[in-house]
Amino acid sequence: MADYRKTLNLPDTAFPMRGDLPKREPGWIAAWQQQKLYQKIRKAAAGRPKFVLHDGPPYANGNLHLGHALNKILKDIIVRSKTLAGFDAPYVPGWDCHGLPIEHKVEVTHGKNLPADKVRELCRAYAAEQVEIQKKEFIRLGVLGDWDNPYLTMNFANEAGEVRALAEMVKAGYVFKGLKPVNWCFDCGSALAEAEVEYADKVSPAVDVGFPCAEPDRLADAFGLAPLTKPALAVIWTTTPWTIPANQALNMHPEFDYALVDTGERYLVLAHDLVGACLERYGLNGRIVATCKGAALDRVAFRHPFYDRLSPVFLGDYVTLDAGTGVVHSAPAYGLEDFQSCRANGMQSDDILTPVMGDGRYAPDLPFFGGMNIWKANPEITAKLREVGCLLAEAKITHSYMHCWRHKTPLIYRATAQWFVGMDKPVADGSTLRERALRGVEATRFFPAWGQSRLHAMIANRPDWCISRQRNWGVPIPFFLHKETGELHPRTVELMEEVAKRIEQEGIEAWFKLDAAELLGAEAAQYEKISDTLDVWFDSGTTHWHVLRGSHNDGHVEGPRADLYLEGSDQHRGWFHSSLLTGCAIDGHPPYNALLTHGFTVDQQGRKMSKSLGNTILPQEVSEKMGAEILRLWVASTDYSGELSISKEILDRVVEVYRRVRNTLRFLLANTADFDIAKDAVPLEQWLDIDRYALAFTRQLAQQAEADYARFEFHRIVQALQVFCAEDLGAFYLDILKDRLYTTAAGSQARRAAQTALWHITQTLLKLMAPILSFTAEEAWAVLNPGKEDSVMLHTFHALPAQEGEAGLVARWETIRAVRAEALKVIEALRTEGKVGASLQAELELRLTADKYTAMQSLGEDLRFVTMTSRATLLEAASAEAEAIVATPSARTKCERCWHYTDDVGHNAEHPTLCARCADNLYGAGETRTHA
């Protein structure tokens, strides 16, 4: 008996069903490195329009976490998609290498008493070691880039470039020295940037403190009263008793009503609206004697509770009635608004009291509290206030308070002499940096759009930028200050260039070991060489000035403006922010055309990842157990504009999506294995109707996906690929196509037409998925191109052949698909009843009206192939009510080869188990098909 199975064109491919990703992926990475794929892509893309995604440098400290993986995978998807879209899209990874965390690591390992030059040497070595660790982990994620030549902020050329960027800002007039309150961490021993501050709950003492009036007659006049007969106190409320030794003024709102309250032994000055709450807090009875506006109390002097000095009233619009007394105590060294108020009222910088030292202790010469830690001094200060009779109430409150992001310890505002970039100082063209930056925000595209208003608000409300730090491991601020006047050397910009040249050769150590006389000659005796270093946000914030201008081999030759910066949403106050300020200061515009922000990773319940919750997922573990491809697909399938949920269950669902795509790809490869596009292609006009429809819906997918890539909406692409593989192909086109692919003659026009369509579909699918499923696309591409050292990334998105009348074709086939879906439901009901197994055991009768009838009639004899039944009869229904689809089990004979049930099985006596169609396909001229 003949084995007709061997006569079928059964699919065959070297592309395995199982991805076995954890084992196979390292091999692809090794192949890319061996082939120098990144360099090949650069060569292939030379001369195309440029697209530059400038890498925001991760900090060179510790292994990668999921946030790192998310960020780098998103960048890789964008760079790959831009390459496939026809751009020259280089990707130069970078690392942020200076700063306190690395210095802290070195101190922990080697102790705090090392010489400064040794600290810098160890920091540089540690950062280099961390870069190598992170680099390997990024490469394992399938990220393509110039990994052999990354940019590091500690590269000598970049350190020199940073000094030159600072020189540009000095030359423009933005940089000044000033005494201002800055975020200060006692553990860091340094000022902190806004981006290094986080908020957490803190329990603080809350005290109500009376300041005795030093000018009772003026106070009486303000309230329209005769001279007062007993003491009067203005009462303040504060949660920072430690600032009271530095008090130098009181603030009242000019428009608020203030009351003079008689409590028996003395008068209290309180905001009128808060009198009741205050008296209850103090356990006192009292009556309001008189009221006046805050403006009437301007400059009235009160006495410090325990020091012999005055605290005048300064008016301030920032005073509120939300809590407290309506009177604010002002310690200008330890509060931004306090500082601004006192300076606006004529207080000179030299007059501002700064008793708190950098380590958190009071200066030794401070009366009563000298040498004490400020936090430990709070109860001592409260006791002193009680002793002098000025403590009216005390309590404990829990409130949100600023903390150091590294040490998790409370911060203070502390006025120190620092270097600043001025936000509101007009420069040569009359504009301020704030104005330039706000215009820059408005000119930038944001993904998602809400990022614009967020960054705009931050720029509008931010203070001057404190760019100096008091640390060892950082790029120096190479200034010489006159020892008597404190002024910068008149040749500062010129001297900075000389320093930059030395740093270019020797690194930052060139400045720290420099003898001033080498540059200043005889003038050196008059000048002091400062030791401050630059804020690390200035490091990364100026990479557009040196990395993109060509300090790196892949410099963006068109200039320092990148097409895109992409980071987490916290970088609105970090890298996006500092880059915007430096770009606008130096070039007058942002260093980027667009900003893309992504959210943070959370677990399935929306909780942050933490070891204590046990919900941490490491990218290394996912790569080892499931494959980096699954992590890439998870990133792409999630809407990154908000929080990104991840868990074992979520990743398992991603695996199912991957399997669907892989199985579809395997079918396509298996059924085009014997097809050569150069020899076997069938012209489009000779394709069957359903093949032209498949071309049309593939074109729709390609157009939509390419548009979504351009908009960075990758989750829409993954959704579309799922629908395409599962519904358009798997449940429709490929399902119908199997009969033609397997049963017609191998070289028949009907089969070759199908294979031509499948070849175009495969090319399209592979290139659309390549930015996301990079390993799998490469694996499939190798199967398509055996023996060639080729890569899908050396090509561009597939150009599908054009065809006329596509809209009408699609509309007709959408109707056919809708009818087919209803027919399959009817057959499924028959299967559920146990009357048929496969759909080929059924016969259909379709009674349809108008458009449906016309669409199905257009299929002619091929109708049964579309419905996947052995027979399909079409009748025209008189009305919608008369429409029906009826399925019945076939009573005919099953063909051994094609499994259709027909009356002509055995028609050919030599092949008694074959239907006439199969006999003709095997031994005759072969069947003719026109539609399916």
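Residue numbering: from 1, along the chain as shown.
Yeah, the Cβs are placed from backbone N, Cα and C, and that goes for glycine too.
Swiss-Prot lists motif ''KMSKS' region' at one of the ranges 608-612, 803-807, 893-897, namely 608-612. Between the stretches 58-68, 377-387, 861-871, 905-915, Swiss-Prot puts its motif ''HIGH' region' entry on 58-68.
Spatially, by CA atoms, the binding-site residues K611, C895, C898, C915, C918 include one closest to E567 (L-isoleucyl-5'-AMP binding site), and that is K611. Report note: the Zn(2+) site is defined by C895, C898, C915, C918, and the residues of the same chain whose CB lies within 8 Å of the CB centroid of those residues, excluding them, are T743, E896, R897, W899, H900, T902, V905, L914, A916, R917, A919. For C898 (Zn(2+) binding site), the same-chain residues that are 6 or more apart in sequence and have a Cβ closer than 8 Å to its Cβ are D739, Y742, T743, C915, R917, C918. In the three-state DSSP classification, K611 (ATP binding site) falls within coil. A straight line from the CA of K611 (ATP binding site) to the CA of C895 (Zn(2+) binding site) spans 63 Å.
C918 (Zn(2+) binding site) falls within a helical segment according to DSSP. Note: C895 (Zn(2+) binding site) has non-local neighbours Y901, T902, V905, T913, L914, C915, R917, C918, i.e. same-chain residues 6+ apart with C-beta under 8 A of its own C-beta. Every protein chain shown contributes to the tally, and the Cβ of K611 (ATP binding site) ends up with 7 other Cβ atoms within 10 Å.
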